[in-house]
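Copied over from TrEMBL:
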BINDING   B:Thr152, B:Lys175, B:Thr186, B:Glu266, B:Asn385, B:Ser390  substrate binding site
ACT_SITE  B:Thr186  active site, nucleophile
Number of protein chains: 2
Amino acid sequence: MSVTTPAGFSAAGVTAGLKHSGGLDLAVVQNLGPLSSAATVFTSNRCKANPVIWSQQVMRGGSVRAIVLNSGGANCYTGSIGFQTTHATAEAVGDRLGVSAGEVIVCSTGLIGEQLDLDKITAGIWDATLALQKDDSTSAEAGLSAARAIMTTDTTPKQSAVTAPAGWSIGGMAKGAGMLAPGLATMLVVITTDAVLDSAQLDTALRTATRITFDRLDSDGCMSTNDTVSLLGSGASGIAPDEAEFAAALTAICQDLTLQLQADAEGSAHDVAITVRAAETEADAVTVARAVSRSNLFKTAIFGNDPNWGRVLAAVGTTDAAFDPYNIDVTINGVQVCTAGEPDQPRELVDLTPRSVTVLITLHAGDAEATIWTNDLTHAYVEENSAYSS
Amino acid sequence: MSVTTPAGFSAAGVTAGLKHSGGLDLAVVQNLGPLSSAATVFTSNRCKANPVIWSQQVMRGGSVRAIVLNSGGANCYTGSIGFQTTHATAEAVGDRLGVSAGEVIVCSTGLIGEQLDLDKITAGIWDATLALQKDDSTSAEAGLSAARAIMTTDTTPKQSAVTAPAGWSIGGMAKGAGMLAPGLATMLVVITTDAVLDSAQLDTALRTATRITFDRLDSDGCMSTNDTVSLLGSGASGIAPDEAEFAAALTAICQDLTLQLQADAEGSAHDVAITVRAAETEADAVTVARAVSRSNLFKTAIFGNDPNWGRVLAAVGTTDAAFDPYNIDVTINGVQVCTAGEPDQPRELVDLTPRSVTVLITLHAGDAEATIWTNDLTHAYVEENSAYSS
């Protein structure tokens, strides 16, 4: 269950020496064809990293043969030298795989404002592309190595795959544990498929899937400069899928990876699903749920196992969504603590000891609904983000 | 230096038994006239507490004779019973002082979603209004008692006063240590003046002052349901001030109280002033500075004495302000760590050990400027807001 699950993909993860820890830190995923279709969504942060700027140019070409990803440095706000490093990275992969640099997507993750060591990257690419030539480069182990190589503060690699009854497959890997609040895309995610689909078809399916999965994850409210989700199609199954069926399967993969990211969010002690229902529009539901997900007072209360629903409503009230402020219901882990803006069941009945928490907010303004996935705000989050540069 | 500094005001702070701690928890400030002019700005949170709803009605009358404030309960999301409690509170003060309940502003602060004990409040009002009849009710000590009675998680009372060369005075008190991100007004603030000004003149001055003081404080991004800033005019000095001079003095008082609130913010270890300059508009400068002030990753980095300017730019990039993302300078505590989107001085040169931190962001898009005052995100903040309901 990895990016090598679909036919037509090889992967490798190697140690280039970019991470101080000495772990795997450079991955290459190669699309062996016959197709080289691709779709990618990037961060909507206006401060974009050099690899994002490069990869946006690549996507205009419409053909992607490989993705190279590094941890140990974001290559963001590193100026023209940083852009040259990204360009040289794509050139090196292209040379070694016999494809154009213009068909190589580059992704980087790590500290902003520090130059990457191009010599180490070049050596890492040499090792990785050697590994891609071996028979086991299409194995699950190869996929796992790639998934490990893109980890930063992640504690576990994140992978998902599905094979449809019709015979085509989708596989994916993701990294991301902090700066986890996607605007359009999020984090670094590579998804592969052997279904026969062109780039336009992949793009439609990818945007359908990410809109209600990665885009609804808001762990710490901080949008990254490097977020990239790429979907590569090899067509190696020879099977053209039903597009709706493909989009549904892709959405399931994206949701699985989203929940893996949430579960491994930096320092988190609770996974919180905030569902807003009976909203006038889906956009309203997202706005309200996101406002609650970004309330530090709500997040610290959840960490303290305190069902402090007043902090939920105080956050709801900052939005411009359609609702009557005094006709809102709030249910936390199944206990309706607030009905029509007044106390209902005693807050003491709410059990917040499990890691999984559900908050249900009913606006009585329509029939739209949306869920945002977030985490609590903990001592471990503060520790991880104050004691170490990342 | 308190609300009793201007002539024509008395104050009292008593223990009504609303706080578990048994400390002072109910304050009354009386305007002895001859004028009863007033201006008030309220929270822009749509989920407004009962005392805010009541006081908005009072302000439509244009005359305010007294303000009663309690800690130990916000009286927010307490339904019609809660509104009746607020109404009865105003009636009790009005009866005791011989004024109309419709001239009594009510302010409450504490936990949302719990009913206040009206019997305790009524008894507290009896005690407070007895104290107001004594000679020392216009003393600095009386003002200090009132300032102490409105404290919740505040560790120190917050007061400020000035007497102009022309002979009129302004005094003020404030509370607020958490849920500290005003939308229009913020927290509970009472400001008094003996200058001869009508309500419309006070309103103009108050909005001028709060727009660039309380409105620019964003400690934890969480807007309260109870925020109220009231300015009462007694006219007792007999002096009609120069309006511009008055607005400047009022702004100075508001800024002093704002910085006292920042310095006492829950669990904070740093006071951070984020100044955005060379913005196209002042609104742009505020938007950018506020986005940085709300980045948990920036705030934890400051706690960790880490001048992580990449987190500054990642937050800047989420806004729609006018700027070229690759032509932004960042200076932290006097060290220019980023110039035109590239690393400049080594981050190791930045000393973040003092409590006071300045972040200067230059957008090169115009000549507008604004400052947002915020705090860092610390273990103590998480502790205070997870271990105790507030």
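For all residues, glycine too, the Cβ spot is worked out from N, Cα and C.
Please treat TrEMBL annotations as automatic predictions, because they have not gone through curation.
Proximity to chain A, defined as a CB-CB distance below 8 A, holds for B:Asn385 out of the binding-site residues B:Lys175, B:Glu266, B:Asn385.
B:Lys175 (substrate binding site) falls within a strand segment according to DSSP. The secondary structure of B:Thr152 (substrate binding site), as reduced to three states from DSSP, is coil rather than helix or strand.
B:Asn385 (substrate binding site) falls within a helical segment according to DSSP. A simple way to gauge crowding: the CB of B:Asn385 (substrate binding site) has 29 other CB atoms within 10 angstroms, across all the protein chains here. In this structure, B:Glu266 (substrate binding site) belongs to neither helix nor strand by DSSP; it is coil.
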